[in-house]
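Before any comments, here is the structure.
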Amino acid sequence: MHLVQQDQKIDIVLTNQGATDPTLEISDSSHSHVKTVKAPPCKESLEECLDQKLENNLIYSINDRPPWYLCILLGFQHYILAFGGILAIPLILAEPLCIKENNAAKSQLISTIFFVSGLCTLLQTTLGTRLPILQGGTFTFITPTLAILALPKWRCPDTSAVPNHNTTVSVLAENDEVWKARIREIQGAILVASTLQLVLGLSGLVGLVLRFIGPLAIAPTINLIGLSLFIQAGQKSGAHWGIAALTVCLIFLFSQYLSKVDVPLIAYKDKKWKVFQYPLFKLFSALFGMCGAWLICFLLTYFNALPSSPQEYGYMARTDINLDAVTSAAWFYVPYPGQWGLPTVSLSSVLGMMAGVLASTMESIGDYYACARLSGAPPPPTHAINRGIAVEGIGCILAALWGSGNGTTSYSQNIAALGITRVGSRLVLQTAGLLMILLGLFGKFSAVFITIPDPVIGGMFLVMFGMIAAVGISNLQYVDLNSSRNLLILGFSTFSGLVLPTWFHSNPGIINTGIIELDQLIVILFTTHMFIGGFFGFVLDNTIPGTDEERGIKSWRKAVHKGTQTHSADLSCYNLPFCTNFIQRFKLFQYFPFLPSVKSREQITHL
């Protein structure tokens, strides 16, 4: 029996049809190789079994090396998919860092965060889990960062008394010191807090911690990350609700309504031009939505249809407000460690940031399993997960040293792209990391993003932050929602995560123990939404009696390993490059939980 998939020219031949375990021969004519696999027992019809095998087939799996030009194109695609999330972080932090009007500082922050994201992607794909997984800025660090910067000592000074036309060099230097002092405080908090992630990975404590963390702790934690950012989304969108709504509509149009529409594209292959179908709208929905709204704002500005006075509503939708950011930016900007000065450390800031570190760790472990399934790799063994978390800790430490104002984590949207493109090659993501580093060095390229109007950014935030909140809620699919126990835990932890920070913000100075450091610690922890929700969810879920089925623990762990039977059991793709043979010569290395060993090869980790 033969099946031909036209867009990839894959021939599938079924042999031993009368046997209990039939054999499938998969030949890809475009790459001239034949793969023979043993099909698992299938309860469905034969056609459904073959369709399933086609879905799991990859054009390039984790260890494959596509041609260099394909690596560049697919790597740039991953860069584009991630850039919206990475770009959002410095734009959110601009106002609390007191650089709302400082375009040069914003441009430098954007260059730095892209540069560090590329560096961390190379580290993760080469020395970490070695899965094709992209690293970028994390929203889990934003909530504690905003809580730290909301302290009275870090509130922005009133600069309205200084007229722009009398701005002097001394005033500019003073303004630079204002925001640099704030980012140094964030650097120090991330730098020390990220050592927790490093210790969890190197010591192998990740598995121990995860035994006590279930969906009822994860759901309110991640849910409150999105819900707590509604003020930033509302402020940006409120600059022009029409443009913000247009941005949302375009993103929905491309990501949902046109997601199944394949666009015919032309490629030159085998010395002739060929037409192939590509899910362009599905892959670049956020980019098309943002650029479409940005283009309309440009046209409205060009024809002077938008107000020209800053006092009028809709002025912030103009695209010519921050043009000086591009003209004044340097062509090349090389970020370097300590570029803002020596990081400062305070206990309250570090403890507040640790909530973000733990949330990022939980999120990344789930991403590792998803990435392994979509890249043709077996479930990640214990040493790979431990090493991946440790490298993420190192990445956050590097981000703190460089001063990106944030850390790094795995990007789920890029993992989803592996399933769409059917390219799970590690080399493609390493190319994406190199592209992020190179493009981060072009100062004017980073400055272009500053010209995006506020309502366009607000529309992106409405979709993006809503998705983060929904991802948190999606963890509840494993929980028994008919249980009053679970509903009580979920409702109380989520509602408390909204109520307590709001009350503390409405009553500044209410905490006065006589010890300034203790006051700051209490304020930061109780104004960090995700910390409160995750803390109450964790404590109540582990103290109120309930079965594993009721808590969703069993279903959650089972879902992690769903579909792993279709992949190879060869764990060599997780071995460290160049030194695996050396490590296996000495039995001593078997006791390091982050190194591949004979013992860890025989076991697949279970959450």
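Just so it is clear, glycine is given a Cβ too, placed from its N, Cα and C backbone atoms.
If you look up TrEMBL, you'll see 67-89 (among others) marked as transmembrane segment.
Proximity of distant same-chain residues to the transmembrane segment (109-127), defined by a Cβ-Cβ separation under 8 Å and at least 6 residues beyond the stretch ends, is recorded for 82-83, 86-87, 89-90, 93-94, 99, 133-137, 333, 335, 339, 387-388, 391-392, 394-395, 398-399, 402-406, 408, 410, 426, 429-430, 432-443, 446-447, 449-450, 576-577. Among the features that TrEMBL reports, transmembrane segment is placed at 109-127 (among others).
The annotation transmembrane segment is assigned in TrEMBL to 188-206 (among others). Here the transmembrane segment (188-206) has long-range neighbours at 141, 144-145, 148, 343-346, 349-354, 356-358, 360-361, 365, 382, 385-394, 396-397, 399-401, 406-407, 593-594, meaning same-chain residues at least 6 beyond its ends whose C-beta is under 8 angstroms from one of its own.
Look at TrEMBL and you will find 238-258 (among others) tagged as transmembrane segment. Long-range contacts of the transmembrane segment (238-258) within the same chain, counting only residues at least 6 positions beyond its ends with a Cβ under 8 Å from a Cβ of the stretch, are 281-282, 284-286, 288-290, 292-293, 296-297, 313-317, 453-456, 458-460, 462-463.
Positions annotated as transmembrane segment by TrEMBL: 278-303 (among others).
The transmembrane segment feature in TrEMBL is assigned to 340-359 (among others).
Within its own chain, the transmembrane segment (427-450) has Cβ neighbours under 8 Å at 60, 64-66, 70-72, 74-76, 78-79, 82, 87, 103, 106-108, 110-122, 125-126, 132-135, 322, 325-326, 328-335, 414, counting only residues six or more beyond its boundaries. The transmembrane segment annotation in TrEMBL covers 427-450 (among others).
What TrEMBL records for 456-475 (among others) is transmembrane segment. For the transmembrane segment (456-475), the list of distant contacts is 84-85, 88, 91, 139, 215, 218-227, 229-230, 232-239, 243-248, 251-252, 286, 289-290, 293-294, 297, 317, 412, 556: same-chain residues at least six beyond its ends, Cβ to Cβ under 8 Å.
According to TrEMBL, the transmembrane segment annotation covers 487-506 (among others).
Through the fold, the transmembrane segment (521-540) approaches residues 140, 143-144, 147-148, 150-151, 212-213, 216-225, 227-228, 347-349, 351-352, 355-356, 358-359, 488-490, 492-494, 496-498, 500-501, 504-505, 511, 513 of its own chain, all at least 6 residues removed from its boundaries and within a Cβ separation under 8 Å. The annotation transmembrane segment is assigned in TrEMBL to 521-540 (among others).
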